[in-house]
Amino acid sequence: MPDITVNGQVIAAEDGMSVLDAALSHGIDIPHICDHPMLEKYGGCRMCLVSLEGSPRLVTSCTLNPAEGMVIETETPEVIKARRSVLEFMLINHPLECPSCDKVGSCKLQEYTFRYGAAEGRFEEKKIIKTGFIKDPLIKKNMGRCIMCTRCVRMCADVQGANALAPVGRGNKSVIGPFAGDRFDCEYCGNCISICPVGALTKKKRQYGARPWDMEEKAVSSCPHCGMACQINIESRMQAIQKVSPLVTDPLNEGLLCARGSFGHDFLQSPARLTTPLVRKNGHLKEATWEEALRRVSEGLLLIKNDHGGDSIAGVASSYCTNEDNYMFQKFIRSALGSNNVDSSARMGIAGSRPFIESLLGPDATASYVPGISTSDAVIVLGGDPLIEMPLIGVKVRNAFKNGGTIINFGYSKGLEKHSTFNFNTPQGHQWPVVEALLAQLLKHERQKGENPEMEDLLQKLELPEPKDIPYAHHAEDILSAAEALRDKERIAIIAGSGAAMHEHGARNLLVISALVYALDAKLVLSSGKPNENGVLDMGCSPQRLPGGYSINDDAARMRFGEGWGCNVPSQQGMTLVEMLKAADAGKLKALYLMGYDPAESLPGSRFVKEALGKLDMLVVQDIFMSETARLADVVLPAASWGEKDGTYTNVELQSVRIENVIENENRPDWQILADLSALCNVKAGYKNSSEVMAEAGRLSSNPKDMNIKKGNAMAQAEKDMPDISELYSMPPMPVTKEYYLELEKPYFSTGALTRNSISMMDVCPAPALNINPETALGLDLKEGDEVTVSTDHGSLVLPVKIMPSFTDGTFVISDSSIMPGIMGLFECKVSRFTSTPYASYSGFKVSKRTSGLTTGDTSGHKGSKKSHSRPLGTHQK
């Protein structure tokens, strides 16, 4: 740590710092434009020139390494003259657009021009006008303002790993853009915008929205789009969010955002937002007052409780809602209605996988350290594409590859295709025998035994296949090479997506993942596509668990919560999500309360789901949007959304993070609605704010210190009971290699209701398509753009064909599936044993080419109507 002297002040420079970094860390301002803490040193703008004692010329402080005894001056007449000259060059062709530029007030070029007075040029020639050549829905590019600092290019290539931008052209005709021109073909992370020091790259939909000094509310909050819950700066004006930017100091997202985090917050202004309570009258939903709607709900639920008992009522909480909302939800169901039939939308995510893995490896097994992924020696990716579920996790995997790490990717991931050492690209369901074969090879080598006798015993009994015996055995050599590559690795991360549990053999997959984590002494990251899947479990929205993870069979815990709530907490274990629907279909479940969840659209077997919901005596939906399920409801309660309320999420690291209220809305927060209903049901719930709700949850936990949100600690998890899983030790039946496979692919830009109602995300989200390999297309006489009908025993859809060379032959992938209504109607909903996780299943499918211009069948009653001619192309029985 050398000592250097800057402007007469002796400062210590930490290892790895440049002179510029050292000066800034001690409050000494040296002008700089191209330098940024997230980027490699560049020395391109020349604004950071300083005088170095003993040097015959000025030097760039951003590239100068400190040495003991250095003497540096930053504001000598020579330095100031040089900076003024640099600014003059930058301004030669720079337009005088400061009054209309969105960057005004926060522009480095404007600031330094004001400071050094280089506003007058000496040239008489006209300015060269650079026009942007990109017509893009989200990013506004003005190359006249660009100063070619290349911050955006380096951010895109070196940090994001997308390589979508580059300098194009030469000399004074140089511009920044994609090589092919036209619109951006990228991941729309928006990090190029946040790092641009001038107004060359801005958000198009927020153009001319507000000046920095006009912002009325500024807050640090958490992003609502995935389990990272990235820390963001929010600025709002006139009850609308005007600017969202990453919090550079956040150790989790490290100053980055994804497309959803940068652009996907305009769902708050969606026309689909619910603004007033709705009550069904004479078969139609009609607007009602809050008092009327709440009375209808409380009286209806209490009547059903009195007539049929609390077990006839159930509730499903939401991974989009805060910890406070979810705590109040399960409290209302248990205390006011006397039912343990409480589950959540996390049942489609980690509600089954996290408890299962923790029962094997301990409660700390899923408390991942996300920043460590980038510096891992090896990363194993399985169960889904992290760049879709949690995009910044995918970016960290790319960084690990860049840093020399070994990346082993199971399944297709477009974003990791060029950042993987081993790519095992197999159809869905076939990756797991490959994973098991890899584990078998790892266990053959001598390893240091751990301190978990149960896991050691499990590894001895676990039956695993040999690489030569699995489907797609052409991967056998790569499996052996991957196992060899892992042998000497010390820091290993495993990224497990939701696809691991949402599978016919989901519990077996989770068992294998646990074995990998244990055998490799790896760190596990459970991908979570919703912001509070962990929190909804911690808050007790589970049929088996109370808040804090206590078993419903724990008499002491039930008594403690019962005394706190003023009721007797029922001891009978409740129903899971799919069990609720089956009970409703059988007439056993009479009422269902849904908070922030739309099973009619998100669960497989949508026809069955709607039929089951239609048999209920009472369906209550509490949400922010009008949904397919809400259209079936007896009462619809409009809730305040993210940004309109405060509270906490529990992120992927099991840390509690805050969300802030920056917009006023007449809708009530979810916890407030439930508190009002509790009062009508004679349950004490006099909370003044969300902090009091969390305080109660802390008091009723045996470890209230662990509930201190200010310290960022997540709720302590009670020790889980080990389930009897001995039957999982045997190998499941191997998938049979067939000619065709039907798969679903989640869209990168839309993962749920929030993004489906974001105009920005829908503007860049491609239309759903049926993606096939060129060989498959050739064999079936299909070409790009052809329309086909995809049908199963449960439903059918019409989709265009898209040719994807990177897909395996014989695989039919419906891309961007979550934005297409009715997609889940193609499948049957089945449930994985031990975890109760729903998954989509089909017995077979047919693809038929639609030929326009042909009329077949009876057209009577529909004058001029035409039915398309279908030709069966192929079927698959699974």
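Cβ coordinates are placed from backbone N, Cα and C, and glycine is handled just like the others.
Because TrEMBL annotations are produced automatically, they should be read as predictions rather than curated entries.
Per TrEMBL, domain '2Fe-2S ferredoxin-type' is recorded for 2-78. As annotated by TrEMBL, domain '4Fe-4S His(Cys)3-ligated-type' applies to 78-117. Residues or ranges marked as domain '4Fe-4S ferredoxin-type' by TrEMBL: 177-206. The domain '4Fe-4S Mo/W bis-MGD-type' annotation in TrEMBL covers 216-272. The region 'Disordered' annotation in TrEMBL covers 850-878.
Distant neighbours of the domain '4Fe-4S His(Cys)3-ligated-type' (78-117): 31, 33, 45-47, 49-51, 58, 123, 127-130, 144-145, 147, 172, 196-199, 202-203, 206-209, 211-213; these residues of the same chain sit at least 6 beyond its ends, with a Cβ under 8 Å from one of its Cβ atoms. Each residue in the domain '4Fe-4S Mo/W bis-MGD-type' (216-272) gets a DSSP state, and the totals come to 9 helix, 20 strand, 28 coil. With DSSP classes pooled into helix, strand and coil, the tally for the domain '2Fe-2S ferredoxin-type' (2-78) is 9 helix, 17 strand, 51 coil.
Confidence for the domain '4Fe-4S Mo/W bis-MGD-type' (216-272), expressed as mean pLDDT, is 93. With DSSP states grouped into helix (H, G, I), strand (E, B) and coil, the domain '4Fe-4S ferredoxin-type' (177-206) comes out at 8 helix, 4 strand, 18 coil.
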